[in-house]
Structures are given as structure tokens and as C-alpha cells.
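Trainee: From Swiss-Prot, for reference:
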BINDING   Cys197  Mo-molybdopterin binding site
BINDING   His580, His603  heme binding site
BINDING   712-715, 729-734, Phe741, 746-748, Thr799  FAD binding site
COMPBIAS  63-74  compositional bias 'Acidic residues'
DOMAIN    545-620  domain 'Cytochrome b5 heme-binding'
DOMAIN    660-772  domain 'FAD-binding FR-type'
REGION    62-81  region 'Disordered'
Amino acid sequence: MATSVDNRHYPTMNGVAHAFKPPLVPSPRSFDRHRHQNQTLDVILTETKIVKETEVITTVVDSYDDSSSDDEDESHNRNVPYYKELVKKSNSDLEPSILDPRDESTADSWIQRNSSMLRLTGKHPFNAEAPLPRLMHHGFITPVPLHYVRNHGAVPKANWSDWSIEITGLVKRPAKFTMEELISEFPSREFPVTLVCAGNRRKEQNMVKQTIGFNWGSAGVSTSLWKGIPLSEILRRCGIYSRRGGALNVCFEGAEDLPGGGGSKYGTSIKKEMAMDPARDIILAYMQNGELLTPDHGFPVRVIVPGFIGGRMVKWLKRIIVTPQESDSYYHYKDNRVLPSLVDAELANSEAWWYKPEYIINELNINSVITTPGHAEILPINAFTTQKPYTLKGYAYSGGGKKVTRVEVTLDGGDTWSVCELDHQEKPNKYGKFWCWCFWSLDVEVLDLLSAKDVAVRAWDESFNTQPDKLIWNLMGMMNNCWFRIRTNVCKPHRGEIGIVFEHPTRPGNQSGGWMAKERQLEISSESNNTLKKSVSSPFMNTASKMYSISEVRKHNTADSAWIIVHGHIYDCTRFLKDHPGGTDSILINAGTDCTEEFEAIHSDKAKKLLEDYRIGELITTGYDSSPNVSVHGASNFGPLLAPIKELTPQKNIALVNPREKIPVRLIEKTSISHDVRKFRFALPSEDQQLGLPVGKHVFVCANINDKLCLRAYTPTSAIDAVGHIDLVVKVYFKDVHPRFPNGGLMSQHLDSLPIGSMIDIKGPLGHIEYKGKGNFLVSGKPKFAKKLAMLAGGTGITPIYQIIQSILSDPEDETEMYVVYANRTEDDILVREELEGWASKHKERLKIWYVVEIAKEGWSYSTGFITEAVLREHIPEGLEGESLALACGPPPMIQFALQPNLEKMGYNVKEDLLIF
């Protein structure tokens, strides 16, 4: 890759040397996140003592207040007071940003962010969009914390007082301006601009064939009121050369250090004619929605190029270089291109497609999206709803300053179209340019929606550009602007009435759902498809291995045939189910899916080597064809239309509906039971939800720790029928306590560090043991029964035992007898002791408890040492077939050396009668 612009040297022109001088290193005193993220400019100037004299302060504030007559006229023409009112309205119901626990242990841990933002690239770097309903709720102006973010790496820690921008290259008067000089010496402009990531709606492309980009949904778009200095004024001050003098491009370079091309800054460029065109309103912005920029959006200064993709708007701007050539930044060439559909990554690199100028993206294309109805929204069909129309809503935008002139909606696949009502809240600039999105709406009859199989939207701009019907795939997944379609299906909600449920094409990030995901599941298998493509995870097809499509793998998701994908390889784990230490559910929960991340999170190197014995082939993908119509709708009459309605039977609202989906939960209470034991209470997504965890099963707690997914199994201690929350009792294994484990417990320490309000994910249920009540168990699907239970636990292994005790005692008709032997290192290590002894005291005939500790205090009245045959014979029943079962959860040495041999001596068949969690 070419060297970065840092290393460029320019010839002397008119006696001025233009070799690059490195910019000053910003002060290590970083911009204080707590005090300065949202302060107004005059406060910052005062506190950082940028200016010393009253006269200078007055000049700065006057410039900030737009006191010049030209600026006043411009502000009046742009309707700035109206936009400022919209900013206030938009921010009125916005919760404060927080230091998100997900940013701990990253370089961005100092940045406050809105916790509702959907992260698209994991923990770091921060790339995020707002939930679509949330974005639309705030209206024309997007609150800054909900504005989409595209970061390539860590956010630079900037200081207003020592930040400067260097203007160099083909200019007569190279200069370096501080922030104070920029705002005091140049006029400013303030107007709204809609920013759009070129990857907006990319996940739809990834559903067809994986691109090299991550999964943007349809909220990679936001609108703010931006204030800054016109770029043309700065270049004019510095004496930019003419085209004849070689000044053809204006390059921008940011401050962040990135890995691309072996190490570089983020940089890009635009043509000189664009940079100098006053009609284009290009500014160096230092304010957003009336406040200084926040770190994620480029504090202290960034480029705003209205009507262009976000990739041209360099944040944390440090240098402007006027050159004959385009920017030679790695990111200028290896990003923001729309290559022909035939070009894959290998071809793009080998044939230098990245460097062909005709494929660079600058101006946005025309686009529109349906935002109402939302995904999974249900419209009831009844006497009330059918008496009034339903209002479809959405947004539309175009690029280059072109006005969106028409939005149309079709309910019949494009045979007929209805023209929507447009809401343009923006006044054009004096050159007639429009830089913002507009909103559209259309009233439709509910019965027309009932007979439609889908709803699609397309927009037109003043140049009569419109959106294509079908998706056009490209390697980077950019500029996707095909008709936005939502599918409709008839359902029957639990109240018994008919309803229409709406499905958007995708959901952002790694969230499951959307009709395109369903279509992908219905792809024909690789054996009958002639159009085989290379897998993203296996760039070169291995002809020695059998190749399987994702749709073929998805069929193998049962105990009879359990396949998984790890790093693009296919493994048949069916014969390993019965031997898996974590039980069959741990495999079945991921059967038929790509579980690379989960597998890496919980398996050792030994397990990874063992997996190779089960490898059967490699993953491919198939060419995309539209699947058969799976809608229940027909358009002719309502007789066949309603025939296949799916009955949604009344059921409890439970969180763990799909064991493969992660459920976000929020920490609402943390109690210290002892120096190293905590009780955590997490709120479920809905206040009226039950967890839905069968007795005997457990959940995975999922967290990103040190940039890696970490999964740990926990059994909740909350009641099975608890509503709105889940309780976990966790022993915290601190680092530098146990010599064998100097780093301590990764997950337990992470949970202990979480502040109230933090979010984690859980998934489940999993586990091979389920207690069905009245002595009945299902073990890997096979029934077992006992009147008496020997319940043997070590350390934190008490939690699944606790769960079963709780369930049995909550049922007055369950007469199962329970005999608990609970081993720990010391008396202080005994978990949930108060609850256990309270139950034992209240239910003396049904529950008996005995403790064993390795180290005892004086006066200890239970056993000391380890679990022995004598302890077991005295405190649990003999092993009698059909009468007794042993349940065990604890360290492997306890089970292998203390329990199994001694239980055998007591008549237990350890293969059949010992149930190990």
C-alpha cells in the first residue's frame, strides 16, 4: 500500500517549502468526559484558558453568536431558530448517557454512550445504530447520543486548547490554525444535514451473500444541526493553487492511529471543485445540535460534506492537504466503493479493482425505508381497527442536494402504486440544495393490508432517480437501495381475534429475525444447486472435503443428527452427544448453526483438537434465488386467505423462548452475602415475563471480556415462577488468591465489577436434566423416578440442587424426600445456608441437610474433612432401583473420587442412578 500522507513531500512553490511538518502532539490532559462532553463553547474557552484578554473573549463569543450581518442573514435564511426548537424537542425525553460496562477494558472506557445503541461490531471499536423505532420517535433532528457511529478504532482523546489543523500542500500560505483561531477568524454557518453510512441496509445484502462488511440495519442514518467554518473560506485564506498549478484534490486526515495498510491514519479526499463550491456547504464542524462535538462524533472538529456518504467526513481532523492526486490513505481506496457484482475479494485484490476511480462513492443515492409498522408489530383485525385507515410511515433521502419529490407504496408487488404525503422540514440553501431526509406517510385500508402479501416503498428525486426493484449485491455491501419490503402474515393473537404481523427484511447486527433470514433457511441444498459460491470463512474451496450449504447444515439440528459449524468447518456431533461433559443440550442449543464464537468462548485447546475427529466437510453458500412465497395471503378473496392462520395459543409470557437467542437483562440489584459471594438480580426484558427455565436446567451468561466472548453456566436461585427478574448467587474468584488460578474467575470478577444498570446477555435453557415434579425426571429425554433423592453438592454446585429443592417444597403434593450433603472448604464458603436451614426446619420430614467442611472452626457440629463412605451411609438413603436417585454437582475430583466409588458401595448404579449436572 502507498505510504500515508504523513510522508509526502511537495516541491518548493514561489519560495515556500511544502514538506510536511508533524503536528504537535495533543496534551496528555484528555478532554474531561464528565465535565466537558456537552458543555457549550464559551464555557470551554473560559475553563481551558484559551483566551486571556476580555477583548479577545468578546471577539470569540461574538463570532460564536453569529453577530456579523452576513451570518445573521444566512441563519435567518436557513431557519436556524426553528431547528434549535426541534433540537430541544428531540432531547426532551432522552435519558442520560453512561459509561457503558461494555466499554470497560477498551481504549474507549472514558466515553459516555447511550445504552440503547445497537452495537454492530461487538465490544470494540464502537459501531452502532439506534433501534429504528427509537430513531423515528425523536423526529427530524436526531439526539446526539442516538446518532449512528462509525469508528474504525479507538477514539482519540482530544484537548480543545492545544488542538490545531494544518493546511498544507499546494497552497501559497501554509498555515496551522488552533480552534480559537478557527472560530474567531472565520465566519460560521449552521444548518441541518442528514448523515448516512454507505453501508446503511447492508444486512439485506449479507442475507443474500456475505459481503466484507458488518451488518448495518436501516438506521445507519441520522440528522443533526451542524455548525462550522466553510472549508472554502479556509482554503481561500491559505491561497489554494489553481488546477493549472496542480491543485486537483483536497485531502483530509484524522488523528486516530489505525492498522489498515500496515498502520495509517484515516484519510480521504474530494475534488477541489467540490471543496471550493459554496453551493455544497462543506464545513469544518465544531458543534452538533447546539453543543460541542462529542468524542464519538469527532471532537473537537470534523468535516461535514452534505449530500455525501459519511466516509468522506473525516472526524478528529488534523490535516488538510491540497494535492494533484487523490488521497493515498489505505481507507480511501479499501473502503467506500461499489464494485461490480462479479468482483469478489480475491479478484478485487489481484486485479486492483480498488483503484479504479469509477467505483468510488461520493454522493448518496436515492433511498427510502418503511419504519411503521415496526418489525413483529401486530395489527389486530376487529370492528374498531377496520373502521379507520392504518398509516404507513417512513423516511427517504437522496444525495447531492437533490430534493426527494415523490415516495410511492405498493401493496401488490409493484403492479400499482400509491403516492405518499411528504413532510419536508428543511428549507433549501440559497442555491436550492436539500441536505436532509424527509418523512413520508400513507393511509391505507386495513382490509387492503390483510389481502397484501407484502408492502414495498420506493422514492424519487428531482432528477427522476428511483430505487431498483431487486437487490444488487456488491463486495462491500454498500449503497443498497432496492425497494424496502415488509412481509405480512395473518396470525391469531391469544385474545382470539385475527391480526396482521409485519416482518422487516432483517434486524441489525447479529440479531435474529426478518423475512430474509427465513428465506435463507429455505434455500435449496447444494446438491441440487448449480451455482456454488465460495464461503466467506473458507476463501479457497477444499475439493478434497465434502461441501455443504448453510441450508443443508440447518436441517441437522436434532439429537438424531446434530451438526455444527466452527470456523467454516462442518462437524457431525451426533455420536458425541451422550459423552459431552456439558450434556446434550449444550450441543443441541447450537445444532444446525455457526457457533464459532460460542465454541471458542468455553472450550480448551484439548477440546478443539478432539473436535477434529467429528469433521465431515466444509461450508459453502449457494446462489440466492427468491424463495417460494411463504406468505399465507392470496389476493383474490378472503376464503383461502384465512385458511392457514396460525393459532397463537394462550401462554405465559416467558423470556427463554428460543434457546439459541441471547436475551438482554439489566442489573437492578447487587447484594454482598459475604466477602466473595454476591447475589445479582437482573431485570428481564419485560416486567410481566417469567424466565421460563425448566427445573434442573441452567442458563449461559454471556459477556464480552477483554475483547472475547465469555460464556459461563449458572443456575438461577430465583423462584421458578418469579416474574420480571432472575437471581444469580455467584462466588467471586478474585485474582491473586488461589496460586493455581492467579487470574481468578473471569466471569465472576466481571459480574462483580458491573454497576447497577449494566446489561448482560443470557441464553438457554440448557442442561440434560429436568425435574418434572413428584419424583419424575427427564434425563436426556429418558424418564426416571425416585421417592428419595440423595443430593450431593460441592461449593457453587449447590445452585441446581437448591433449584430442585425449591421446586419440590413449593408443591404441597410432592412428597419426594431429599437428603442433602453439602461440601465446602470452610464454613464461610457455604452458600444459601440461611435458606437451606430455614426449609429444613420447616419441612423436617422431607428435607435433611448435612455439611462437610475441609477446615472447621471450634464448635463445628457437622463433618470435617471430605465426603467419605461413612458420611454418605449416615446421611443419604441406600441405592434401591425405583426408590432412590443421586443428584450431584461439584468439582470433578469430588464426583470421581468421593462420590462414584462410595455410591457404588451403597448399591447405586452410577451409570443410571447418578445424575450429574
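One-based numbering along the chain as shown.
Glycine residues also receive a Cβ, built from the backbone N, Cα and C atoms like all the rest.
Each of these features: where is it, how hidden is it, and who are its neighbours?
Mentor: Packing around Cys197 (Mo-molybdopterin binding site) is summarised by its Cβ count: 23 other Cβ atoms lie within 10 angstroms of its Cβ, all protein chains included.
Other Cβ atoms within 10 Å of the Cβ of Lys731 (FAD binding site) number 16 in total over all chains. Secondary structure from DSSP puts Lys731 (FAD binding site) in a beta strand.
Under DSSP, residues within the domain 'FAD-binding FR-type' (660-772) fall into helix, strand and coil as 8 helix, 57 strand, 48 coil.
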Trainee: Within the domain 'Cytochrome b5 heme-binding' (545-620), what mean pLDDT does the predicted structure show?
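Mentor: Looking only at the domain 'Cytochrome b5 heme-binding' (545-620), pLDDT averages out to 75.
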Trainee: Mind telling me which of the binding-site residues Tyr714, Tyr733 has the densest Cβ neighbourhood, counting other Cβ atoms within 10 Å?
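Mentor: Counting Cβ neighbours within 10 Å, the top one is Tyr714.
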Trainee: State the count of C-beta atoms found within 10 angstroms of the C-beta of Phe741 (FAD binding site), not counting that atom itself.
Mentor: 12
Trainee: In Å, rounded, how far does the Cα of Tyr714 (FAD binding site) sit from the Cα of Cys197 (Mo-molybdopterin binding site)?
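Mentor: About 40 Å separate the Cα atoms of these two residues.
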